[in-house]
């Protein structure tokens, strides 16, 4: 399992870029932190998700 | 207004002195609000995104507007730094508004943590605009830490109570050699105008616009008030005196 935004998701073993596209995330609008480190957008395709990983996927929302 | 009257933040020049928040209202109204505000800078926040969530606020912000992400939800300098780095990764520039607060009732900023975050982020090349409680020593520390402007609160966030901290903001305007952008609590155009008359460099407002009956019209009212206050400040106020001073000539009356 991969912990994504606080939820366990069956994504272990998947390529990050492929996972994001399959789940419908807009790669040009998000930022990703994997196990506490930022993953640059251009390296998504080179990252494999592992069991026990913790990932945050964030984007901008309205705010002051 | 003179076109050469520019707001300069981190080497970037702006002719508008109205920074608009994008919270608490529909994204469908953002374009109209930005247009009517004449805003060139819009703030936003960073939050978790759900899988398959297609709507994104960036699709609704007019082109050419500078984005100013905030670090709201940060309780420490470390969390603010983390949010700032993630925000920059989205790819909308180097501006960051630091907000660090632990008090959920009044949302007052923690100046000490804000100074720490400012120092770290300024060194990383961010253009740092720290939201702070108007304290002269904290403002000086923020200058030393590399802030591009200082953003003192007028009143607690979202209260629309106006310039509760008026005299202390004036001290910052008089003593700090950076743009002072009055942020939070400004509820009416007249209050925005007063802050600009005092010499504030800009006004940041969100709730006052978002909770107005007619949002774009209120954005327009704020723009006019801010422009009026700025022009009055540049013009220099007329003097105040205790006794009357005739505005008309005191000679040449009929029947003399």
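Keep in mind that glycine also has a Cβ here, set from the backbone N, Cα and C atoms.
The annotation in TrEMBL ties B:184, B:185, B:206, B:207 to 1-deoxy-D-xylulose 5-phosphate, and of the candidates under consideration, B:158, B:199, B:229, the one tied to the same site is B:158. Residue B:184 (1-deoxy-D-xylulose 5-phosphate binding site) sits 12 Å from residue B:97 (active site, schiff-base intermediate with DXP), taking the Cα positions as reference.
With a threshold of 8 Å between Cβ atoms, the recorded positions B:97, B:185, B:206 that neighbour chain A are B:206. Rounded to a whole number, the C-alpha distance linking residue B:185 (1-deoxy-D-xylulose 5-phosphate binding site) with residue B:97 (active site, schiff-base intermediate with DXP) is 16 angstrom. Residue B:207 (1-deoxy-D-xylulose 5-phosphate binding site) falls within a helix when secondary structure is assigned with DSSP. Nearest neighbour of residue B:97 (active site, schiff-base intermediate with DXP) by Cα distance, taken over the binding-site residues B:158, B:206, B:207: B:206. Averaged across the domain 'Thiazole synthase ThiG' (B:9-249), pLDDT for the predicted model comes to 96.
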